[in-house]
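In what follows, a single structure is set out as structure tokens and then discussed.
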């Protein structure tokens with residue numbers, strides 16, 4: 001917990017009294033600690049890590065050397081052994097390039113130096129022991145001891161075996177080093193491809209030596225032993241993952257397209273699309289005028305496609321028959337022109353038919369999708385004004401990998417740029433953690449697929465747009481963030497069909513049935529089809545602000561036109577997203593499971609633009625937006641709003657969404673959020689001033705950089721005062737910009753009043769427009785009659801509150817099970833039954849076998865744990881806290897305020913899951929299977945439960961929780 005992150009370390013030349021600035025990158029930023037990595041002077045590392053007598057190091061600081069095994073990202077070995085991966089992203093440690101101190105020396109030069117160093121073990125008699133020596137070095141012995149060190153030794157032996165059969169053998173593996181290609185992926189990352197066919201062909205290099213698993217692993221191990229390398233991960237194989245869709249996302253009411261009626265078609269917008277290829281002669285793109293170029297140049301006079309960047313190796317600049325890219329691009333912005341000049345309404349017009357396309361071809365024939373550098377890909381159309389890129393492809397990796405990091409970095413550096421990414425098609429049987437990279441980015445929008453409606457209904461088993469398609473990938477991301485972000489129609493979407501040898505292919509006489517491909521149109525399904533629906537919607541939202549529709553809901557020169565940030569556009573899309581009814585269980589069949597906002601199925605809900613921004617005479621609410629607001633660490637920004645229903649309907653309640661573009665995290669991060677902001681809303685005339693927390697939680701959210709709060713029509717009424725607080729709880733940078741949107745019957749109030757302390761448990765926000773159990777059309781939002789001017793932020797004043805009735809606070813009571821257990825897991829689940837009194841659970845005491853610092857997570861749900869042991873979405877996180885264990889037989893008391901208080905009504909069951917992160921130090925007692933309470937008092941009783949692994953893994957039956965529950969009984973007036 002350093003008070004400052006500007007670290008200056010003494011160099012080896014201490015006698016010169018000089019200081020050396022060390023370049024560091026943030027690995028983890030939490031409330032309890034911040035972790036960095038980077039290159040440090042050798043003497044400093046030795047002093048801090050090895051020399052225990054050193055008393056100059058501050059007690060808030062510690063350092064650990066990065067050993068080779070720590071550099072290998074999870075899944076690397078499996079990808080080599082089972083998928084034959086031979087291409088790797090190698091991240092160079094901060095400061096390595098500067099340490100070379102040579103003019104003109106770049107990251108690719110460093111890469112070749114690394115590759116050259118791989119040849120040394122072949123010539124060196126002891127070369128085969130290099131990796132093992134890293135595991136057995138004195139530094140590692142000082143850091144890792146006991147069983148952990150034994151496991152390191154075992155891994156070292158296994159890696160040495162691969163090394164002996166690979167680089168250090170006579171199999172010819174070393175010869176393959178001459179054939180690698182090295183390409184700069186980003187300023188600190190290179191791609192090393194061991195078998196790049198295109199590069200090999202250009203060099204006329206050929207080898208009969210097979211690229212064996214042992215050879216690949218030995219090369220990877222040798223790279224990991226290099227001090228300039230900080231991480232290695234596999235390059236995962238990329239795979240490809242509307243007129244009906246128009247009205248679904250614009251209004252949810254059949255054939256109603258209010259945004260088109262208002263003149264919002266995407267005109268003036270350019271959307272970048274990267275995909276398999278594009279048939280520019282299809283009537284939805286065709287420009288019959290002369291001068292078309294598909295060489296990467298920009299021509300804004302073209303009817304539809306203003307830039308076409310051909311494939312980087314093969315020069316491919318078209319699509320295959322019925323190709324993926326043509327379908328996707330037309331869903332974004334296709335517009336029919338039968339003769340290549342005059343436009344007319346077509347059966348496959350896109351979501352933003354007035355927009356234009358900048359296209360990046362990632363396909364080579366039937367093969368897709370490859371690109372070399374994220375910045376090259378993402379700057380497609382930049383000079384043409386593209387502010388959004390549609391990405392309907394991805395991998396199966398659920399982690400925060402190098403490409404995701406580079407995407408987030410680009411969006412952080414270009415705050416008006418947004419990626420919209422297909423979530424993936426691996427969600428069959430409700431498979432969690434199936435959203436794939438790059439949809440796992442923090443700053444983009446990940447899109448799941450709903451079913452469609454009308455003529456796009458695939459079969460009798462399809463339930464409609466309020467239901468998630470069975471194939472749509474589910475969240476969360478590997479580090480626990482909400483994914484997908486939103487959902488849009490992606491089942492049986494009609495769009496353009498490529499016919500490469502035909503000019504002007506267009507609509508048939510009758511609309512094709514779902515799944516058919518006829519003449520110039522075809523029907524396809526997938527999150528690949530859903531993402532362009534959202535990309536087109538983003539173009540409409542950008543036009544809304546740039547053409548001066550805000551805040552009145554109609555185009556006016558008196559409005560303040562401006563170019564919105566990507567964070568604001570994302571906030572608006574997610575703020576207006578609507579609840580859904582369920583998720584289809586199987587592709588064929590009308591069974592479904594229930595879903596809820598912020599869950600792993602639908603995220604924030606289905607896109608609905610009519611609930612996102614005011615449109616004159618089309619809906620009836622107001623919007624306030626605050627863009628690019630800057631906040632410093634620990635600062636609080638306060639906004640004050642009055643509920644005024646005199647010219648507005650409160651039926652749809654109030655929706656408030658905060659979004660910020662977070663700095664990029666490091667690959668493989670376990671907690672990827674770098675800067676943590678917290679949104680709360682307090683109704684100063686209701687709910688006893690209890691704050692409402694975002695994303696359906698009982699407490700703060702420190703995982704997501706999107707936070708939404710909804711108050712339904714029962715929670716707000718005319719005359720209410722809303723206090724909206726945004727606090728910078730934990731920043732790793734000096735400041736952070738954010739965007740905020742609030743919709744409803746809101747008017748800016750006077751200077752905000754700071755709410756009084758909470759006297760009751762926080763309330764849980766109710767969902768807006770609860771989704772129907774059976775399919776039904778989404779109704780229109782009410783009509784705007786009295787537009788308001790652009791908002792301004794008011795300063796925070798001292799608290800002024802009316803007197804309230806005083807409550808006599810009851811005494812805290814404790815019910816204890818035992819501290820005599822001996823077995824253990826990461827956590828426990830157990831039920832707690834209340835008797836005749838209402839109780840409030842305020843804290844826990846736990847039993848740990850360790851005396852080290854532990855991270856404790858506490859979850860709860862109403863009802864029993866039985867049947868929900870492996871269903872994370874059924875539980876709510878109410879606390880995450882760092883605590884020092886007190887060892888066997890002693891209570892470890894969680895600090896005050898560790899959990900959000902939980903109110904339990906009389907004669908009810910509430911279940912709790914208390915777990916430690918990533919270890920088995922939680923102690924329990926073996927049970928008997930009894931259904932009787934294991935301990936009871938006048939107010940509550942605790943039942944026998946189960947042992948649980950971390951993150952809901954593994955269940956051990958008949959286990960009795962060790963610890964104590966602190967609670968208060970009924971409050972007395």
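These residue numbers are counts, starting from 1, taken along the chain as shown.
Quick reminder: no glycine exception, Cβ is built from N, Cα and C everywhere.
A TrEMBL annotation is a machine prediction, not a hand-curated record.
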Among 689-727, 728-766, 767-805, 806-844, find the range that TrEMBL records as region 'Disordered'.
767-805
Between residue 275 (active site, charge relay system) and residue 324 (active site, charge relay system), what is the CA-CA distance rounded to a whole number of Å?
7
Taking all protein chains shown into account, the Cβ-based neighbour count within 10 Å for residue 528 (active site, charge relay system) is 30
Inter-residue C-alpha distance, residue 528 (active site, charge relay system) and residue 324 (active site, charge relay system) (nearest angstrom):
9
All chains considered, the count of other Cβ atoms within 10 Å of the Cβ of residue 324 (active site, charge relay system) is 25
Let me check the 10 A CB neighbour count of residue 275 (active site, charge relay system). How many other CB atoms are there?
27
